[in-house]
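As recorded in Swiss-Prot, the features of this protein are as follows:
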type	residues	note
BINDING	Cys8, Cys11, Cys32, Cys35	Zn(2+) binding site
BINDING	Pro109, Thr110, Gly111, Thr112, Gly113, Lys114, Thr115, Leu116	ATP binding site
DOMAIN	1-51	domain 'ClpX-type ZB'
Amino acid sequence: MKRPRPHCSFCGLRPPETGRLLESPLEDVYICEDCVERAQEILAQEERRAPKGPSRLPRPQEIKAHLDQYVVGQEAAKRALSVAVYNHYKRLLHPEAEIGKANILLIGPTGTGKTLLAETLARFLDVPFAIADATTLTEAGYVGEDVENVLLRLLQNADFDVERAEMGIVYIDEIDKIARKSENPSLTRDVSGEGVQQALLKIIEGTVANVPPQGGRKHPHQEFIPVNTKNILFILGGAFEGLENIVKARVGKTTIGFTGGRREREEPLEVIPEDLIKFGMIPEFVGRAPLIVQLHPLTEDDLVRILTEPKNALVKQYQELFRMEGIELRFTQAALKEVARRALKRGTGARGLRAILEKAMVDLMFEAPGSGVREIVFDLPHLDHPLKALEEARLRQAS
């Protein structure tokens, strides 16, 4: 009996009415090239319609557990951030519930982990992330960067997938530097202060912003990418130096928690919106970041832990680099404490650790490969004389 000519099992057509047939492992089941192409288009449409936020929303405990792997200390801040981020994305998963957006304000000295917290959150949730410096922004019409360029960075990090960018996180640092010069509205234009707050206010509270795809200043003949910011989580950070005096005047205390002594660590400073308004933030701007999270100054012990404990700790990174050369690198506690002490003296917190350690390690990393040593012990004197660590390693190995 003659077998019928093969046809596409989806559209029923046979060549040459349709393209080539692809045979299935199942008997007499085929699909034509045209149907394959249509199926790909349908899948692409479904992909575009799918939610662009986190693929799975972790619980607050899971979020904090992940932060613990990268950020030392700051327990209260990590708990507050975990809950805030969880609620933000839960709100997006349930759009029928009328829950307002709650942006976050991080207050803490330089180098306490504000940027790291925001970055780690975005990476864990697998959402686009962008960092901006508030001091580079100006209101329209002045020399500087338009606030829409903040969203351009987010778009770039989302590979210009607008829907995905609209579920992202933006961290704006140095937000305290755009405070107006006094609590009363200025009679003159304040290019770096109130005007920038007003410009940022629009995108933070939720609007459709026109983003220039090439960056730079907007001009009339340029094409724009519309980005809806209502679901973008904005995390604002700043040191707010001098805010302690405003709080002190309000609560009538002599010490209140910005300077890092033992008592201050036990009694965290509580900043209220009125304090921020007195500092120079406009009321509308403060109202758009209702969650105020405070970070403690870091102690010497905190900095030693930062060097060794996080998943990507500096010490672990250097040890791995030396291990690739067949060398075991060990740091003494005295050396680590001295690195922490020097960073503390610089007043740059955790940011100073890498600069101090890198300066000491660069000569060692230059000379150690091919030296034949199997173990290097890096002690306190080696911070200023790093090659002595290599000499001592050779002597130990020879004896």
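Glycine too: its Cβ is placed from the backbone N, Cα and C atoms.
Since this is a predicted model, take the numbers as computed values, not measurements.
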- Any same-chain residues 6+ apart from Gly113 (ATP binding site) with CB under 8 Å of its CB? Would you list them in sequence order, or say none? Val71, Val72, Gly73, Gln74, Ala77, Leu295, Gly349, Ala350
- Number of Cβ atoms other than its own within 10 Å, given for Gly111 (ATP binding site): 24
- Note the mean pLDDT of the domain 'ClpX-type ZB' (1-51), expressed as a whole number. 81
- Task: Spatially speaking, which of the binding-site residues Cys8, Cys11, Cys32, Cys35 is closest to Thr112 (ATP binding site)? Use C-alpha to C-alpha, please.
- Result: Cys35
- Where DSSP helix means H, G or I and strand means E or B, what are the helix, strand and coil counts for the domain 'ClpX-type ZB' (1-51)? 17 helix, 6 strand, 28 coil
- Given Cys35 (Zn(2+) binding site) and Thr115 (ATP binding site), what distance in Å do their CA atoms have, once rounded to a whole number? 48
- Task: Calculate the distance in Å between the alpha carbons (Cα) of Cys11 (Zn(2+) binding site) and Leu116 (ATP binding site), and round it to a whole number.
- Result: 54
- Message: Please identify, from the binding-site residues Cys11, Cys32, the residue with the sparsest Cβ neighbourhood, meaning fewest other Cβ atoms within 10 angstroms.
- Response: Cys11
- Name, in the order they occur in the sequence, the residues of the same chain whose CB lies under 8 A from the CB of Leu116 (ATP binding site) and which sit 6 or more residues away. Tyr70, Val71, Ala350
- Message: Among the binding-site residues Cys8, Cys35, which residue has the fewest other Cβ atoms within 10 Å of its own Cβ?
- Response: Cys35
- Compute the C-alpha separation of Cys8 (Zn(2+) binding site) from Thr115 (ATP binding site), stating it in Å without decimals. 56
